[in-house]
Amino acid sequence: MTISNPRPLLGCIADDFTGATDLANMLVRGGMRTVQSIGIPSAEVAAGLDADAVVIALKSRTTAASEAVAESLAALQWLRDQGCEQIFFKYCSTFDSTAAGNIGQVSEALLEALGSDFTLACPAFPENGRTIFRGHLFVQDQLLSESGMQHHPLTPMTDANLVRVLQSQTRLPVGLLRYDSIAQGVEAVRSRIAELRGQGVALAIADALSDADLYTLGAACADLPLLTGGSGLALGLPENFRRAGKLRDLDAASLPKVAGGEVVLAGSASLATNAQVDAWLEAERPAWRIDPLALAAGEAVVEQALAFAREQQGTVLIYATSTPEEVKAVQRQLGAERAGALVENALGEIARGLRDSGVRRFVVAGGETSGAVVKALDVRLLQIGAQIDPGVPATVSSGGEPLALALKSGNFGGRDFFSKALGQLAGGQA
C-alpha cells in the first residue's frame, strides 16, 4: 500500500534556530521527511508543503515570556490548521532559560490551548552527554550547574535540579518520572503517568540515561497531544507513526547538491565552538576575528572582513568566538544585550555580502548567530538532510537560489566539525 500524506503528522515548535535544526535532524534519522520553517510559514509555503513533520523555528528562548507565549501559540495554531496530530515543543538539551522563563510559561500555554492536562519535560540527549537522573541534568560527568553553562551570557544555568527550575517558571504542579519506572518499560511508564495525573501533576521531568529510555518514553507518550523536551525525546516518535501505518517509505535525508563558494561563521562563546575555532587556527587556515569593541566604536569591521575573505584562496573562518572571561569583559563595557546584537548583526551582514559575491555554502556556529545569518540571507524554509555530527544535519534552503547550510548549536560538534561540515555540504567527505 502506498501512503500519501496530504498533511504533516507531527508539528514542532522550537525556541531557537539551531534547536529546530537539531530536532529536524532527529526526525529525518527516524525516516520522517522534515522541513524547517524560519518563523511561522506563509500561506504560499503551506500550499506547497510535502512533509511528514514541520519544525517552526522561533527566537523565543530569551525574549519576554509574554512574547514567547504569544509566538508559540501562533505557531501552534498554524500547525493545527495543517492537521498535525501531535505537537512537540523543543528547547535546549541544557534546559536553557532565563530566571523569568520561558520553558514553563510556554509549556503551560500550549497545554491549555490543546485542552490537555499533562505533558513530559525531558531535555536529555545521551548521544551528546546530556542525561537526567533523579531529576538532575548532567552534561557528561558534570552537573548542569558545574558544566560551563553557569557562565552562559544569556541563559546562565546555575541549578541542575530541573523539577525546581521548571516549577519556578509555571503555576502548574511539576513532578518527576523517575528512571526506575522507565527501566520497567512502556506499560510501567504509562502507569506512572496515570499516577502522576491522579496527583494533579501537569508537567513531569522525565529521567533518561540512554537512548533506550528515550525510545521507551516516546512509545509511552504516543497518545499525548503535547510533548516537550530536547531533540532526544523525538527519537521514538517516528516509529509511533510507522506502527500506526501513517509514515511513508522514502529516503527522508536526500538533498540536492549546491555549488559555489563556502565560509565558516562562528559567534558562539561555548566551550565546543572555542575548541573548533582553535582547531581551525592550529591548522593555519585563514581566519578573521571580529572585535565587538571595534563594532561599537563604529569601525568598518564588516567591510574589513569581506575584503579579507575576498583576498584568500582557501575557505575562511570569520569568528567572534571568545573565552567566557573575554565575553564578560566586553559585556561589562557594552552590556550583554548590546554586545550580542552587535556581533549577530555583523555576522548577518557578512553572510549577506559573501552570498552576493558567490558563496553558497555556510557553516554557522551558535544559535543566535544562526538566527541572524538565516534572517540576513532571507532563508524561510530548509530541507533537512543527513547528520554531520550529533544534533547537526546538512540543510538546503527552499525558494530562490538554493544555499547549503550547517547550523550548529554552540555546544555541539566535535573538534573537527568545521572541516567535516564543509565536506558534507560540498557533497563529499571531509
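Note: Cβ is positioned from N, Cα and C throughout, glycine not excepted.
For S268, G366, G367, E368, T369, G410, the entry in Swiss-Prot reads ATP binding site, with the evidence type similarity to another entry. A sphere of 10 angstroms centred on the C-beta of G410 (ATP binding site) encloses 25 other C-beta atoms.
Taking the Cβ of G366 (ATP binding site) as reference, residues of its chain lying under 8 Å away and at least six apart in sequence are, in sequence order, T18, A266, G267, S268, S270, T273, K408, S409, G410. Same-chain residues with CB within 8 A of the center of the S268, G366, G367, E368, T369, G410 CB atoms, the ATP site residues themselves not counted, are T18, G267, S270, T273, V364, A365, S370, K408, S409. Across S268, G366, G367, E368, T369, G410, which the record gives as binding ATP, the greatest C-alpha separation is 9 Å.
Taking the Cβ of T369 (ATP binding site) as reference, residues of its chain lying under 8 Å away and at least six apart in sequence are, in sequence order, L265, A266, G267, S268, V343, E344, L347.
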